[in-house]
Amino acid sequence: MRKSHPVRRVVLATAATVSAVVLLLSLKPSSDPGGAEAAGAVPQQTSAAQESPQGGAAAAGQTTVTGDAAQTQYGAVQVRLTVSGGKITKAEAVQAPSGGTSTQKTELAVPRLNQAAVARSSADIDSVSGATYTSTGYKQSLQSALDKVKAAQAAGASQEAGAGTSPGAGTSPGAGASPGAGAAQVRTLTGAAAQTQYGPVQVRITVSGGKITKAEAVQAPSGGTSTQKTELAVPKLNQAAVARSSADIDSVSGATYTSTGYKQSLQSALDQAGG
Amino acid sequence: MTTTLAGGRAARRQTMRRIRPRRSPATVLLLVVWAGAAAVLGLWWNNTPSIADDTSRILNAGRITGLLAGYLMALVVLQMARVPALERRVGSDRVARWHAMSGRYTVSLVVAHVFLTMWGYALQGGRTVSDVVRQTVDSVNQLPDMGKAAIGTGLLFLIALISVGGIRRRLPYDAWYHVHLLTYAAVFLTFWHQISTGNDFAVEPVAKTFWYGLYGVVTALVLWYRILTPIRLNLRHRMRVEAVIEETPGIVSVLIGGRKLHRMGAQAGQFFRWRFLAPGMRFSSHPYSLSAAPRPGMLRITVKAIGDHSARLRELTPGTRVWAEGPYGALTAQRRSRGKVLLVAGGVGITPMRALFETLPGAAGDITLLYRANTTQDLALWDELAAIAEDRGARLMYAVNSPDGERPDISADRLRQKLPDIEQHDVFMCGPAGFAQSVYEALRGAGVPARRIHHESFEM
């Protein structure tokens with residue numbers, strides 16, 4: 001029974017806790033190291049496509065499909081799916097309500113809904129309590145994306161024989177070697193990540209018939225006001241990229257760094273399309 | 001009783017077995033607890049790719065403190081689940097001190113978690129730190145399970161408040177205890193927001209399973225050891241008061257009869273929490289040590305009248321039903337590591353020492369009891385102690401104040417003079433904190449290593 005020193009104990013416990021928390025926080029990088037990971041994922045997809053036996057059609061390649069935006073009371077929800085072998089391998093929300101508590105609810109609900117969508121591979125998933133509107137919108141958009149997958153598969157199957165040599169089909173550069181992949185003529189290209197002061201920006205575009213039919217940011221600065229700026233700028237930049245079908249788009253005022261990064265990454269994606 | 005083993009090889013073997021000390025699992029348990037904390041921090045680390053600015057720094061500090069608080073909350077409840085490994089091997093007194101310490105720490109983490117998280121949300125929503133209260137109201141209203149969490153947190157703060165030293169001393173023990181039981185409600189209410197709003201549990205199904213597992217195991221242990229085990233014990237043994245005997249002025253012994261009491265597995269040096277089903281005593285249970293080794297049909301406790309409850313014991317009538325929980329406590333023969341033992345008792349701390357004095361295996365001269373009291377009249381159970389000493393050739397010493405009120409000299413020198421080989425002894429000690437502290441220092445001065453001084457104290 002050593003003598004106890006309550007004051008000393010309190011001081012020690014407080015100091016230890018505070019310094020541990022501060023240490024942990026300061027060890028975290030201020031920008032997302034996932035940039036390298038995301039870039040690394042692309043070749044993986046490629047090799048998967050190459051390994052797949054010829055004529056593997058829609059099932060073999062990975063298809064990325066974006067559902068229709070579903071309007072909710074708090075804003076639009078739009079879901080993008082990556083489908084492989086008839087299963088959802090990845091689900092993400094391209095759009096979701098933001099601002100005030102909506103941001104919190106989105107942060108809360110979307111990861112869960114994404115997870116559920118992958119786990120179930122269907123739109124029959126549970127709503128997240130406390131985020132009912134978002135959940136409902138999510139499920140609608142998810143269902144529409146799944147419908148599109150089905151339609152594409154049906155089309156792919158019927159085209160398989162003829163479209164076998166269609167070049168450039170696939171999900172990423174290099175996948176063109178895999179003939180007969182799902183959505184013919186539509187290519188999805190991911191630009192190199194552009195570093196900005198607030199984190200990397202990386203753009204993925206869907207090109208069809210030489211035009212950008214869709215643009216989206218795979219990576220963008222997040223955390224605090226960065227989240228808000230990203231939410232503000234990225235939809236506008238996406239829209240502009242589709243409208244112009246080039247990287248020559250206007251910056252969004254108030255989000256200059258993000259805009260610049262976006263344009264760089266967009267240009268790199270377009271370069272891939274050209275090459 | 002162990003006297004049935006007197007003489008022969010069996011007794012020697014028994015003695016040797018008893019002398020091999022069982023290590024307290026405290027170190028291993030603490031390592032497991034730290035590993036768990038590291039895993040919880042690892043979970044946060046894994047799910048946090050980067051921290052961009054001050055707002056996310058604040059939010060992430062809120063997450064870390066929240067995760068740790070959620071983890072510790074389960075352990076704080078676990079410490080009071082009356083798990084035998086904790087109560088009988090680590091020791092009820094030590095576990096109670098852990099509980100108090102980790103409880104205070106957890107409440108501090110909850111305060112930090114609430115403030116940091118609401119501050120972060122306020123900044124994220126374009127507000128400033130002065131809007132924390134408004135932000136809290138908004139979040140409680142709008143986020144799932146936050147209403148429950150707010151009520152639970154309020155309860156936690158109430159419980160923390162009444163446990164603050166000065167306030168607790170002013171409250172009757174029973175009132176304090178029953179409010180303290182609301183901790184279970186508070187933990188239940190705050191649990192759900194951890195699952196439904198916690199980022200880490202949203203994206204990591206493994207983490208969510210682990211969290212449910214942690215709380216599920218703790219709930220199961222509480223139900224089993226705090227509710228089902230006592231019910232079974234009392235249905236099986238059906239204890240009643242047999243007699244109440246006044247030992248000295250202010251100290252009474254209560255004899256408790258029942259069925260197959262030796263089957264309860266109680267050892268000398270342990271205690272039960274007793275609840276006497278008599279008017280006015282039904283709703284409080286108190287820990288009292290056995291003052292004699294359990295016999296098949298009889299248990300005995302000896303209690304000094306210091307509080308309401310202990311004073312009422314003398315009015316118990318034979319036949320009163322008794323509800324007991326236990327046995328608890330680690331101050332038993334298993335702690336012994338040497339052949340020679342010195343027992344030190346201060347006042348009514350004699351009760352567990354009396355039971356050990358009778359039953360600790362040992363040859364003549366191995367066992368010594370030093371009994372400290374104010375006057376010779378206060379030496380409760382003296383006749384019994386003298387008879388035991390006589391019977392087994394043990395030494396019995398007492399130290400009382402001199403007639404002019406001067407305290408007896410219990411110093412390192414005096415101890416060594418009385419017991420020249422004192423550093424060869426294991427020491428078991430029970431008494432008021434001040435007494436125990438001064439004897440502890442004297443013993444250390446006399447050369448007894450700290451690991452051989454076994455002491456139980458219920459003062460925080």
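Glycine is treated like the rest: Cβ placed from N, Cα and C.
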Review point. Do you know which of A:32-63, A:224-255 TrEMBL annotates as region 'Disordered'?
Key: A:32-63
Study note, to complete from the structure: For the domain 'FMN-binding' (A:197-273), the DSSP helix/strand/coil residue counts are 38 helix, 19 strand, 20 coil
Practice item. Could you please provide the mean pLDDT value for the domain 'FMN-binding' (A:197-273)? Key: 83
